[in-house]
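Student: Annotated region 'Disordered' per TrEMBL: 1-44, 562-597, in sequence order. Residues or ranges marked as compositional bias 'Basic and acidic residues' by TrEMBL: 10-28, 35-44. Sequence annotations record features per position, and here TrEMBL assigns domain 'Major facilitator superfamily (MFS) profile' to 63-558. The transmembrane segment annotation in TrEMBL covers 64-84, 180-202, 214-235, 241-259, 271-291, 297-317, 384-407, 444-464, 470-493, 505-528, 534-553.
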């Protein structure tokens, strides 16, 4: 969401009996040792919050309920994020007033324009040009053999006979000289999304995930409904920006809440599963848009639909990890006891959160300190890998959202195209999940990005043939299939290649580049007015560039996750590029000749 969300992955394996329910015991049975009775209740057995959640079960009933709720929330984020295909779509129009009432033209020129539009008046949807050369020959200098006067359209008349009755384009007259503004609402939306993840993310770290999920949800509802009634263009843009702000905050808060409720062994599956709600949201949004062809009512219905997300948010418990990390011991114990009841696990009545945080603080005091973005760029091999990951995020996000926003330019019904594109995401994610377990990361990156780039380039050159609309749609959808696998793989790879001490920072900065790519993608489809193949050609360049850069990244599948910066640097050195440089350095030290490094 697409995106634009990190997937944390770990090689930690669940023990075979981790999800098995402990057999019930009779605490009054004299044959049961007292120490054995209290085994589950001893806080000293839980060295950290991971141990507690592992004991409670990473895929218990509570965890599955949280996953289902987070996927349900993604329904609304997917629906609103891709609503631009309907709210900012073009509408057929003609000029109803060129502003000629107060213009004085020679009589012969005016009459010629009125009687012979093909020669004396060159008309278009945006302007009218009068050819007055014959009428004004005697009044012009001999050097002026041709006199053209052009008048831009002042008032437009939009047709309701097309696919849409009214969109933001027709409501605010974003055509002709103002056509470049037609996609700015989507651009502002992604600007808000960019800042929403950061602003609400910081607030969620301070005040809690569940609280910020509720606040951002109210933000979405209010701004979406208000945007449907905005009478002014600048106000409409502002509300779109604020809607994006809320969407970014809602996605980051609920995603963190879902992943923090489970154990590392399940986070990969959890992260993949959450995105299924996004696909369902596209289906729902397209269905509503099919029956409501006016953008203002469409936004109103979207905003009212989001009200259904309020009850699940209120029923969710706060993240126990966040409660423990912020020393809210009583609340953490209460939440963990609730999880234990729902998952049917025994946890005891002791308040053990304080011991957990004490152990965590003791362990953290010996770790790396002073982590910043500069830390990612300090060492040469990590710097190379970090920059490549950023390029991957930017290009795959621009391609993913660019394809979505160009659905109306592929030909045929935009509703059909949208449904096909949503349907493709299901097998795409399944294949991506299988590939993440079976195939090396570097090979998968090269194959998925390469196939995506080739398909998008082929789509670009099919724009020159109007009768090849079926082939154009097919290649575009095939490209989207590979782009989505590449997108999910990029999240997974970034979580594996960065060391633990900077993993959140590395994935977070990559997410920022992804949102920047999404923001740029809103402007690319407009370049089609200069040359129709240009947008998809631009989308194809980025993935093909990543294919070359992927040769310099290390393999991470099946390897232990790096913990310290030194571990990350050693992992980065295992790439083919770095191995070749080390071999060249060794040759020089052995007197093997002058080799340029």
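Each Cβ is built from the backbone N, Cα and C atoms, and glycine gets one as well.
Automatic prediction, not curation, is the source of TrEMBL annotations.
Provide an account of the burial state, proximal residues and distances for the features listed.
Tutor: Residues belonging to the domain 'Major facilitator superfamily (MFS) profile' (63-558) score a mean pLDDT of 81 in the model.
Residues 1-3, 183, 185-186, 189, 193, 213, 220, 224, 243, 247, 250-251, 254-255, 257-258, 261-262, 270, 273-282, 284-285, 288-289, 298-299, 302, 305-306, 309, 312-313, 315-316, 342, 404-405, 418, 522 of the same chain sit 6 or more residues outside the transmembrane segment (64-84) yet have a Cβ under 8 Å from a Cβ within it.
Residues 76, 80, 172, 181, 196, 200, 203, 242-243, 245-250, 253, 295-300, 302-304, 306-307, 309-310, 313-314 of the same chain, all 6+ positions outside the transmembrane segment (214-235), place their C-beta atoms under 8 angstroms from a C-beta of that stretch.
Residues 1, 3-6, 8, 66-67, 69-70, 73-74, 77, 80-81, 188-201, 203-204, 209-210, 212-213, 215-220, 223-224, 227, 267, 270-271, 274, 316, 319, 515 of the same chain lie 6+ residues outside the transmembrane segment (241-259) yet bring a C-beta within less than 8 angstroms of a C-beta in it.
When Cβ-Cβ distances below 8 Å are used as the criterion, the transmembrane segment (271-291) is approached by residues 1-3, 5, 7-9, 67, 70-80, 82-83, 86, 255, 258-259, 298, 301-302, 305, 415, 418-419, 421-422, 425-426, 429, 432-433, 488, 491-492 of the same chain, each at least six residues removed from its ends.
Long-range contacts of the transmembrane segment (470-493) within the same chain: residues 2-3, 5-7, 9, 268, 271-272, 275, 389, 392-393, 396-397, 399-400, 403-404, 406, 410-412, 417, 420-421, 424-425, 427-429, 431-432, 435-436, 441, 444-445, 448-449, 451-452, 455-456, 458-459, 462-463, 507, 510, 536, 540, 543, 546, 553, 556, each at least 6 residues beyond the stretch ends and with a Cβ under 8 Å from a Cβ of the stretch.
Sequence-distant neighbours of the transmembrane segment (534-553) (same chain, 6+ residues past either end, Cβ-Cβ under 8 Å): 384-385, 388-389, 391-392, 394-396, 398-399, 402-403, 406, 409, 442, 445-446, 449-450, 452-457, 459-460, 463, 476, 479, 483, 486, 493, 497, 521, 524-525, 527-528, 575-578.
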